[in-house]
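This report refers to the structure that appears directly beneath it.
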């Protein structure tokens, strides 16, 4: 990621085709040593490409990656129907859980395990 960021920084700074020397200079300015193999890989992949197009393609690829929230949303409607009939029981369980939590917090007498 550091090599891509340095390449983009050089390209956005006006250098349309940054070399390995340019990127090493950027990395050295913040105290990062460059790995020549990775650096050459980034340069070979990005050399000659329009940076704005590369960023737009990356955003498109990230948008197609599924997010973790979609699974929970799809499961909720199927489980909502059975839960509607047992709402009072669920409320009682929640009250019991709250009581148990308060008892557990008193067990340590206000002191945490690692304090």
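Any Cβ shown, glycine's included, is placed from N, Cα and C.
Swiss-Prot lists 78-90 with the feature compositional bias 'Low complexity'. According to Swiss-Prot, the compositional bias 'Basic and acidic residues' annotation covers 91-101. Taken from Swiss-Prot, the feature N-acetylmethionine covers 1, and the record attributes it to a large-scale study or a structure entry. Per Swiss-Prot, the feature phosphoserine maps to 17, 19, 79, 86, 102, 105. Here Swiss-Prot flags 21 as N6-succinyllysine, drawing on similarity to another entry. Per Swiss-Prot, the feature N6-acetyllysine maps to 21. Under the heading region 'Disordered', Swiss-Prot lists 78-115.
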Spatial separation of the residue listed as 'N-acetylmethionine' from residue 19 (phosphoserine) - C-alpha basis, Å: 17
Rounded distance in angstrom between the Cα atoms of residue 17 (phosphoserine) and the residue listed as 'N-acetylmethionine': 18
Mapped DSSP class for residue 17 (phosphoserine), helix or strand or coil: coil
Around the Cβ of the residue listed as 'N-acetylmethionine', the count of other Cβ atoms that are within 10 Å: 6
Nearest-integer angstrom distance between the alpha carbons (Cα) of residue 1 (N-acetylmethionine) and the residue listed as 'N6-succinyllysine': 17
